[in-house]
Amino acid sequence: MDVEAPKDSDQRPAPPARGKAMQRFLVALNCGMLTLGTTGGPLLSRLYFSKGGHRKWLSAWLETGGWPLLLLPVAASYLSRRAQDPSALVVLTPPRILLAAAGLGLATGADDFLYAYGLSFVPVSTSAILISTQLAFTVFFAFLIVRQRLTALSVNAVALLTVGAVVLGLHVSSDRPAGVSKGQYWLGFLLTLAAAALYGLVLPLIELTYKRAAGGGRVVTYALVMEMQLVMGFFATAFCTVGMIVNNDFQAISREAQAFELGEARYYTVLVWSAILWQFFFLGAVGVIFCVHTLFAGILIAVFIPVTEVLAVIFLHEKFTSEKGVALALSLWGLASYSYGEYSDAKAAKKKAALDALVT
């Protein structure tokens, strides 16, 4: 649980203390959680709205409301440290990093609300493509904040993702869910884009926080990452809780459950599993940033666009229009362009390292 992050020439943390096997396990674990959250979270959130749910703040609250689940692994990590050293610290994270995590949590809470409000007016299949533009925002903000290098292929990917979003915006009439006006659709469209932009900013800020935590020789471990996510989840949920109180959402839950098209029991089942899957998403995202880097997290989120599209068509019976097909193709093209650029850079770096080793 206290495995350290890997480091490379880009100032990544030092090699894992327990070997490559544990590092690969953590990468696989976090990629798996991010996969489940990326595909399952949006589907359940949209199912809530399509079957009679109307509370935007409640939907936003569910995106981070599963943060208490992290108390178990955090407590297990502490007990493990305590068994080895009775004087072990209860909290690994320094106060200034906890303060940064609290700020990131508030930003995440705002992002949750933007996304939930947008998803209430647009289909999952459209929302998934719009969220793919997050990669473009992540590339831009990673360049500004953590000095991630931009290449021609990265810029090409950003351009293609942007054009894909524009294609969707030009054909709103064939995409609107029943009962949603054109104005509401456009509001949902713009809010979803805003959510993508804001989370594209949050991801590199998380990586920057890891680097600040590593300052002064401090080791950044996976346990510290979970503590940070716990704090972020708490403050994001607190932000949305205030919104729920102001909007009287707590009083409306029982009435909404009784009127839910799938029945009262399934209403609460949707809420619980939505909270669990969204927690997988956020923990998986910060874990991938810890194990690899920010842009890889953005890539994985974009990779599962077609999976989310297909699941929305199968389970929610959404229409897959020609415009969505074109936008999806542009998104995947942009993703392929970026992935090839990353692969080429990694291959070139490996070859250079081998040549340098031969020279020395």
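Along the chain as shown, the residues are counted starting at 1.
Cβ coordinates come from backbone N, Cα and C, glycine included.
Lifted from TrEMBL, the feature list:
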- 25-45: transmembrane segment (TRANSMEM)
- 57-76: transmembrane segment (TRANSMEM)
- 96-116: transmembrane segment (TRANSMEM)
- 128-146: transmembrane segment (TRANSMEM)
- 152-173: transmembrane segment (TRANSMEM)
- 185-206: transmembrane segment (TRANSMEM)
- 226-246: transmembrane segment (TRANSMEM)
- 267-290: transmembrane segment (TRANSMEM)
- 296-316: transmembrane segment (TRANSMEM)
Leading contact stretch, 25-45, 185-206, 226-246, 267-290 vs the transmembrane segment (128-146) - CB distance under 8 Å: 185-206
Positions on the same chain near the transmembrane segment (96-116), where near means CB under 8 A and six or more residues out: 45, 56-57, 59-61, 63-64, 127, 131, 191-192, 194-195, 198-199, 201-202, 205-206, 209, 212-213, 227-229, 231-240, 243, 282
Winner by Cβ pairs under 8 Å against the transmembrane segment (57-76), considering only 25-45, 185-206, 267-290, 296-316: 267-290
Proximity of the transmembrane segment (296-316) to the transmembrane segment (25-45), 3+ C-beta pairs under 8 angstroms: yes
Distant-in-sequence neighbours of the transmembrane segment (185-206), which means Cβ under 8 A and at least six residues beyond its ends: 104, 107-108, 110-111, 114-115, 117-122, 126-127, 130-138, 140-142, 144-146, 148, 165, 168-169, 172, 175-176, 228, 285-286, 289, 294, 297-298
